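Taken from Swiss-Prot, the feature active site covers Cys122, His258, Asn289, and the record attributes it to sequence analysis. Summarising the annotation, Swiss-Prot assigns dodecanoyl-CoA binding site to Ser38, Cys122, Asn289, Tyr319, Ala321. What Swiss-Prot lists as N-acetylthreonine is Thr2, and the listing cites a large-scale study or a structure entry. Per Swiss-Prot, the feature phosphothreonine maps to Thr45. What Swiss-Prot lists as region 'ACP-binding' is 259-263, and the listing cites sequence analysis.
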Amino acid sequence: MTEIATTSGARSVGLLSVGAYRPERVVTNDEICQHIDSSDEWIYTRTGIKTRRFAADDESAASMATEACRRALSNAGLSAADIDGVIVTTNTHFLQTPPAAPMVAASLGAKGILGFDLSAGCAGFGYALGAAADMIRGGGAATMLVVGTEKLSPTIDMYDRGNCFIFADGAAAVVVGETPFQGIGPTVAGSDGEQADAIRQDIDWITFAQNPSGPRPFVRLEGPAVFRWAAFKMGDVGRRAMDAAGVRPDQIDVFVPHQANSRINELLVKNLQLRPDAVVANDIEHTGNTSAASIPLAMAELLTTGAAKPGDLALLIGYGAGLSYAAQVVRMPKG
């Protein structure tokens, strides 16, 4: 029997850099409350959100991803010619086809490289990061861009008091490649499809096209169900990720959970028994929930402010629509 040849690549893979793009428009809680019976204090107390960013009409998930990738490449001291592939993780690339990744690669000037989109709700960044690391270790690529990008603002029903204050827009990218020491641990991922309706688009686009004068599609959220699932299940996911990476909770310097709700993340910190001085990302306060972009955006913010530094040992946990989750231990990159 003829054997099929295989390839292998770098054994030690890590994050070389991160780059963030935040839209200019800042939307306050007071502006959100013009459409609902609520207040800045009520929203902040329950979510930890004070402001968020909304993209301009001429901005898209792909255009924001491109800018984030440019900044990540610059921070790594690389050019588009040094990249072998792009993975875009998003829930808001509003074209069924073509995928966003080849468009982003072309905009960067990276011709002929591999590119694909990955959709796993708010856990998408963890899935994409794991895929990139495995591709590099398998020899399919040497250096890759992974970018989380979302334009969620058009999907929000601004009169839905249950979630109109949560979601926001933005993008952040990391460069993944060979490092002197292991910089990305195994990905622990899974899903609970029995709770798929907990975060959902309520009307599909085909149904809407058949009745364009009817209700339009929006994202709907069953907040209490998601809160319970995340607060009480994701602690175990984090422990499994640490076990897989061979590290203890007291060795974690930085905790970067999905920026869905600061109250959920406060419970996770207690559940995980991290060190009292461990840095906990709280980018949600001025960024909102940017779904697949939230973890890399939060990483960028920690590095920009100096709250974390390159090389710090970080636990990442993404969770959301699906319901899906993905977690891994990484070394923080350059900002």
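Cβ atoms here come from the backbone N, Cα and C positions, even for glycine.
Packing against the region 'ACP-binding' (259-263) from elsewhere in the chain are residues 46-49, 122, 166, 226-227, 230, 281-285, 287-290, 294-295, 297-298, 319-320: each is 6 or more residues past its ends and has a CB under 8 Å from a CB in it. Between the alpha carbons (Cα) of Cys122 (active site) and Tyr319 (dodecanoyl-CoA binding site) lies a span of roughly 5 Å. The recorded positions listed here (Ser38, Thr45, Asn289, Tyr319, Ala321) include Asn289, Tyr319 as those with a Cα within 10 A of the Cα of His258 (active site). A count of other CB atoms within 10 A of each Cβ picks out Cys122 as the most crowded of the recorded positions Cys122, Ala321.
Asn289 (active site) is surrounded by 24 other CB atoms, counting those within 10 A of its CB over all protein chains shown. Comparing C-alpha positions, Tyr319 (dodecanoyl-CoA binding site) sits nearest to Asn289 among the recorded positions Thr2, Thr45, Asn289. Residue pairs drawn from Ser38, Cys122, Asn289, Tyr319, Ala321, the listed dodecanoyl-CoA binders, are separated by up to 27 Å at the Cα level. Across the structure, Thr2 (N-acetylthreonine) and Asn289 (active site) are spaced 51 Å apart at their Cα atoms. The separation of Asn289 (active site) from Ala321 (dodecanoyl-CoA binding site), Cα to Cα, is 12 Å. Straight-line distance linking the Cα atoms of Asn289 (active site) and Ser38 (dodecanoyl-CoA binding site), rounded to a whole number, equals 18 Å.
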